[in-house]
Amino acid sequence: MVAHAEIRVVHLSGSKINFREPVITNDSRFLLCASGESVKVYSSSSEECVHDLQGHTDLVSGIVRNPSNHLQVYSCSADGTVRLWDFTDGILIKVQPHSLPRSFAIALFQLVAVHLPLSGDQEVEARELSAVLCDVSPSGAASFGRKVCVVGLPGTSVSNKFFLKSGNKKGAKNAFTCVSCHPKEDCIATGHEDGKIRLWRNFNQKKEYTYSTLHWHHGAVNTLQFTPEGTNLLSGGIESVLVQWHYTQENQKDFLPRLGGAITHIAVSPDGSLFCTSHSDNKITIIQSCVKVSAIIQGLVKGEGVRTDLTIDPRSKALVLNGKPGHLQFYSLHRDKLLYNLDIVQQEYIHEEGLDQFEVVKAAFDTRGDWLATVEERTQKGSELEINLKLWVYDEQTQSFMLNTTVIAPHEDQITAMCFSPSPETTMLVTISFDGHFKAWLLADHSDTKEGASWSCDFVGGYHHLKPGCCCFSADGSLLAVGFQEVVTVWSPSWELLTTLSQPPGAIRDLCFGRLSCSKYLLGTSTKNQLCCWNLLTCSLEWSTPVDVSLLQADPLSENMAAFCSQSGCSDLFVFKPGEPRPLYSQKALCTGKVQRAVFAPRDQMLESCEEHAQWLNRSQLYFFTQHMLMVDDSVAVTPFYLLLGKHRQHQEALTNPMAERIQLPQGSIAIKELLYTPAHVLPSASFLCSMFVRSLLISSSSASASGSRTGVVQATTHWPCPNTHTSLLQTAPFALRHILFSTYRLVKSMPRVQHSSGS
């Protein structure tokens with residue numbers, strides 16, 4: 001039996017994996033990185049994500065190996081907790097909230113030492129805090145501006161500060177950017193904005209410190225890292241080149257170039273066999289001893305802004321949007337993995353600030369996924385805007401898109417929107433521009449000649465010299481709506497202007513045709529905070545409402561539409577049908593900030609068990625993009641197994657919130673603790689464990705007699721713990737033990753209840 005369904009917003013994918021320095025395990029088999037509110041565990045050989053350690057309720061700010069157990073890592077977060085994980089099994093071992101208020105820590109940016117107490121409980125509060133360094137800048141690890149502080153941990157007397165005077169030369173930049181300590185000697189390496197590396201020595205002696213200078217980078221040094229033995233120093237920057245400096249022979253260095261985006265972090269495995277570099281394009285490159293690249297873990301690339309809309313590839317069902325410069329990325333939403341990049345610009349990208357280069361700004365697919373249209377543009381100082389319209393055809397042999405046609409300067413001004421006609425009779429693309437025109441591009445089939453398929457402009461239209469801002473085809477392709485500032489024009493396939501629709505003051509921002517039973521409606525939003533619905537049969541305004549709709553999105557598989565509204569720094573969501581006065585679903589403060597892009601993605605299988613208020617998610621899922629990450633509104637069917645684990649999730653939420661009411665965990669029996677906490681390789685046979693576990697659940701005869709003396713009847717029964725009794729223990733148990741426990745549960749439930757009279 002399936003219980004009620006609920007709708008929830010999930011941080012699905014697309015979080016930064018380059019936010020902090022990754023961690024390589026002792027055996028070099030796994031790589032761990034902070035990814036939004038979770039910690040991802042990747043295989044260093046297969047590049048696959050093997051575990052997603054979830055539990056933090058805010059941004060994960062750091063990961064470090066447990067020095068006393070090589071199978072565990074600590075993670076800290078802005079939610080005020082430090083968590084201990086077993087990354088091989090993907091389980092949470094311990095939660096340690098500290099008593100320092102988050103607002104206090106953020107205001108002063110103190111560097112503190114936290115004592116983590118030893119305890120067998122899952123939740124232990126860390127109360128012992130000591131300030132190591134006060135009033136520091138949030139800009140760097142231990143380097144701030146033109147000063148480096150060397151501070152010993154509590155109980156030591158090491159303390160020193162390095163200063164660099166500002167350069168007298170014009171344009172000199174010697175501010176600190178990064179720092180790394182030598183593992184064996186008293187030496188500290190610092191990176192600087194001018195591309196230089198300084199090696200500081202004798203800072204722990206009575207005489208003054210000295211430093212030597214290394215220089216290769218032409219830009220700022222972003223990261224430094226010594227190898228475990230200290231024989232080499234690794235550095236990286238905007239050049240996308242990993243530089244390996246020989247510590248004893250500073251003039252000798254090795255290079256590994258063309259690694260992709262700018263290098264932001266470098267990590268080294270404890271045995272020195274693997275290096276990994278984090279890059280500005282949300283990528284982690286795994287390198288074998290600075291010789292060759294062995295694996296690449298690519299996250300969702302989000303540059304300075306997503307210029308293209310969120311689009312679903314009809315063939316692969318992948319999300320398509322801007323990727324690395326000059327590319328489109330095809331990203332699997334279900335696997336949270338990049339499938340491939342499509343080079344649109346087909347020019348070498350030069351990593352240099354202030355250089356104007358081509359950028360992909362628009363992308364659209366036809367309904368079958370056979371054709372892809374892209375727009376790229378470049379603006380240079382003192383010259384006109386350069387625009388290229390490219391049409392790509394899908395190649396079955398290469399399983400990718402191949403360039404078919406390039407139109408140079410398709411419009412005289414910036415292209416604001418484009419869309420394919422869904423009509424099966426013709427393949428047509430419409431583009432609109434600030435030059436005051438919209439153009440229809442038609443595919444001509446020359447299959448009988450050597451020329452093959454080609455595109456040509458079939459029609460150029462306009463309306464009273466007004467600038468068009470948006471366009472949309474009806475579901476069957478029989479109508480085209482184009483918004484010219486405050487007027488909506490409706491055109492036929494023969495390019496006859498059928499009607500014009502006016503609305504309250506304000507330029508049209510979005511246009512969407514209704515679908516299926518609501519195909520007679522046309523909806524639009526304006527810059528004057530109006531959502532309007534026109535009836536195309538009567539050519540009149542059906543209804544309008546004063547609401548600031550920042551984004552309007554139609555579900556291609558149903559009549560439903562989603563409207564995102566911005567209010568008080570948050571975004572609200574309303575899902576409705578154009579022909580019904582009441583929305584199907586609404587949620588206030590869906591997320592912080594403004595929703596930038598959104599798209600309905602079809603499900604692989606249609607849901608059939610949703611409640612009425614969640615039926616709008618039966619066929620599709622709503623994905624939306626914020627400035628932080630990709631999120632999804634989803635419908636979750638609550639099964640009996642979910643009810644068992646749902647209790648644990650509620651308890652976990654209570655653990656993650658330090659201000660929430662503390663729930664006392666049941667202690668359970670000694671047998672259960674031994675069963676769950678004993679290493680798997682020393683456990684006895686399953687038959688012995690099962691019998692021991694059953695005996696631990698039976699009520700003793702003395703306690704049973706005491707409870708039944710007043711009624712005269714004693715029930716000798718077994719008692720399975722409630723779902724919230726040992727669920728936290730079940731979650732930390734290996735899979736084999738969980739199988740034993742659930743098998744025991746089925747055995748116990750099948751046992752008949754035996755009643756004994758009081759006189760027996």
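Glycine is no exception: its Cβ is also placed from the backbone N, Cα and C atoms.
Features of the protein shown, as given by TrEMBL:
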type	residues	note
REPEAT	53-95	repeat 'WD'
REPEAT	169-200	repeat 'WD'
REPEAT	214-245	repeat 'WD'
DOMAIN	310-629	domain 'WD repeat-containing protein 75 second beta-propeller'
REPEAT	408-441	repeat 'WD'
Average model confidence [pLDDT] within the repeat 'WD' (53-95):
91
Determine how many residues of the repeat 'WD' (169-200) DSSP places in helix, in strand and in coil.
0 helix, 17 strand, 15 coil
By DSSP, what is the split of the repeat 'WD' (53-95) into helix, strand and coil residues?
0 helix, 25 strand, 18 coil
